[in-house]
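**Q** Feature table excerpt (TrEMBL):
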SIGNAL    1-15  signal peptide
DOMAIN    45-157  domain 'Ig-like'
DOMAIN    164-259  domain 'Link'
DISULFID  Cys210-Cys231  disulfide bond
DOMAIN    265-354  domain 'Link'
DISULFID  Cys309-Cys330  disulfide bond
Amino acid sequence: LLLLLEATLLQLASGSYHPFYNGFYYNHIMNDMGNGQDKDYFNGARLVVETSKDPVYSYSGANVTLPCHYRYEPDLGDKRKIRIKWSKIRDDYTKEQDVVVAIGKTNVAFGDFKGRAHIHRASQHEASLVISDVHLKDDGKYRCEVIDGLEDESDVVDLRLQGIVFPYQPPRGQYRLNFHEAEQVCQDQGAILANFNQLFQAWSEGLDWCNAGWLADGTVQYPIRLPRKPCGGVHLAPGIRSYGPRHRHLHRFDAFCFSSALRGEVFYLDRLAGMTLEEAKQSCQDAGAEIARVGHLYSAWKFLGLDRCSAGWLADGSVRYPIVKPRPNCGPSEPGVRSFGFPSKGRFGVFCYKER
């Protein structure tokens with residue numbers, strides 16, 4: 001041991017000792033200015049990144065720009081080679097989803113954003129994100145990150161889709177869906193699982209529903225406007241009741257789905273004797289359309305003012321009708337989408353959906 005210690009000390013004294021390499025170089029750090037000259041990076045300038053403080057609103061199928069600009073304090077004047085990265089913050093705050101990265105004029109988009117996202121740089125210090133053909137799941141928070149050498153600053157902007165939240169139960173009845181089944185039934189209805197912000201917005205607009213349902217982050221919650229005994233008790237204030245995160249495979253609840261404004265129209269067809277479900281599907285096809293999904297009907301009711309006091313088939317086998325102006329013989333005194341459930345027999349009209 002003494003011989004080993006002595007050998008180590010001799011190596012240090014001789015100057016031949018090499019320090020432990022930890023994966024980072026702390027040597028002369030430069031930034032390529034694009035003019036063939038290197039300049040010291042540490043120049044006292046501060047990088048500032050700013051996005052919109054207010055949410056940016058859009059809807060399914062639209063094109064949207066999320067603004068982002070950066071600057072230096074004090075202004076460095078000459079143009080610098082920087083990297084811009086946009087990412088989407090997930091609902092459960094796990095690893096962020098890469099959207100697009102740009103260096104100079106080169107843009108690389110990732111995943112579902114390929115072919116739909118690019119950086120817009122109309123001015124020298126602009127780093128805005130353009131998303132075309134907005135999808136329902138694009139709703140959420142986005143991070144604009146600007147990287148200049150070791151300097152890395154970012155800001156967050158909120159993209160909100162104009163839409164509607166509706167509770168959904170499958171034909172089998174209440175509390176039959178695990179998380180993954182809830183995701184699928186919402187998708188089948190032209191929708192996605194709602195996130196908390198969307199459910200909260202729906203609650204603030206009047207949604208009151210006593211059955212608990214899955215949200216996109218894996219939590220189970222439900223909105224109550226009028227406190228009552230079966231819905232958490234009469235002594236609790238109105239609000240969003242939460243069961244917290246649940247087991248995504250084992251636990252079963254309903255679903256809260258979110259659908260945005262439509263790119264097409266919903267219209268009603270009928271026959272004197274009504275139609276079976278299969279006849280209804282065929283009638284929509286004959287009209288150059290498809291049988292409407294539940295999300296289509298809710299969106300048409302909210303955004304297009306669809307009001308029809310006649311029950312019609314939908315794609316999931318349910319029978320519903322939308323009421324904007326309540327009146328006698330058309331259900332309750334509040335506006336809404338009425339449901340007859342999933343009748344195994346019966347003849348009704350049909351709601352069809354056709355994209356523009």
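Using the three backbone atoms N, Cα and C, a Cβ is placed for every residue, glycine included.
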**Q** Mind giving me a neighbour count for Cys231 (disulfide bond)? Other Cβ atoms within 10 Å of its Cβ, every protein chain shown.
**A** 19
**Q** How long is the line from the C-alpha of Cys231 (disulfide bond) to the C-alpha of Cys330 (disulfide bond), rounded to the nearest angstrom?
**A** 27
**Q** If one measures from the C-alpha of Cys309 (disulfide bond) to the C-alpha of Cys210 (disulfide bond), what distance in angstrom results, rounded to a whole number?
**A** 26
**Q** Between Cys330 (disulfide bond) and Cys210 (disulfide bond), what is the CA-CA distance rounded to a whole number of Å?
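**A** So the alpha carbons of Cys330 (disulfide bond) and Cys210 (disulfide bond) sit roughly 23 Å from each other.
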**Q** Within 10 angstroms of the C-beta of Cys210 (disulfide bond), what count of other C-beta atoms is obtained when all protein chains are considered?
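**A** Neighbour count, Cβ to Cβ under the 10 Å cut-off: 14.
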